[in-house]
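Residues or ranges marked as transmembrane segment by TrEMBL: 7-31, 51-75, 87-105, 192-215. Taken from TrEMBL, the feature disulfide bond applies to C139-C178, C140-C157.
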Amino acid sequence: MGCLSGIVNFILYVVNVVFLIVGILLIVLGSIMLADINRFAGMSEVEHTNTIPICITVIGGLIFVVSFFGCYGLFRQSACMTGAYTSMIFVLFILQLVLTCWVFVNRTAFLNDMRSLVTSLWNTSDSEAFGVLEVTFNCCGNTGYDNYGNRTVPGTCCGFANLQTSCSSQIYETKPGCNDKFEEFWYDNMDIIRWSGLGIVLFELLVFIFAGALTNCMRRENAGRQVSA
């Protein structure tokens, strides 16, 4: 193997290690998102909002498996395995591109589902579950503290775990509604997911180019050895 091929081989090996880490991170991120959404299991909106975290988890698993396969192929210096790895990278690139575009296009619909999810939870009158939401996101009521009307504002609006704890109006009147806070949380996460996905797509394109070049180099070397023999 020539000097240039050796450099490319080393770069690809390092890139695959990076991809292994990225795959693990995506699996963790998707699992966390899915776990957060499934806290509200039983609501119809969850069926739609589960799609993105499931896709992120699956893509993360694919990245992990393909990267592991690539590391093994590069270690064995097998043109066949490296070629198969290149093909898998191309397929992964297409899937990642489609997912990233889908997230960009469906962002508004996803955020609307998040708002509907909070409203549905409020309408169930499950004060314990909504109290957890209020403490977690430092909010009060569905759209604001005035949603409680003549009822006593719970202690969760002031950050207390106990609903019966007295909550000062000076505190809960400054708290935004959970609807807006929950949407804001996912809005921020969607930015991370979208731009991270786009970065990964470009990264995979470069890996595909390098892997294809290295595969051709390996095949030429194998052909040269056969001719010499």
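Each Cβ is built from the backbone N, Cα and C atoms, and glycine gets one as well.
Feature map: TrEMBL annotations on the structure.
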| residue | record | CB count, 10 Å |
| --- | --- | --- |
| C139 | disulfide bond | 26 |
| C140 | disulfide bond | 28 |
| C157 | disulfide bond | 26 |
| C178 | disulfide bond | 27 |
- Intrachain residues whose Cβ lies under 8 Å of the transmembrane segment (192-215), provided they are six or more past its termini: 5, 8-9, 11-12, 15, 19, 22, 29, 52, 56, 63, 70, 74, 79, 82-83, 85-86, 89-90, 92-93, 96-97, 99-100, 103-104, 107
- Whole-number Å distance between the CA of C157 (disulfide bond) and the CA of C139 (disulfide bond)? 6
- Query: Do any residues of this chain, six or more beyond the ends of the transmembrane segment (87-105), have a C-beta under 8 angstroms from a C-beta of it, and if so which?
  - Reply: 52, 55-56, 59, 62-63, 66, 69-70, 190, 193-194, 197-198, 200-201, 204-205, 207-208, 211
- Message: Return only the integer: C-alpha distance in Å from C178 (disulfide bond) to C140 (disulfide bond).
- Response: 6
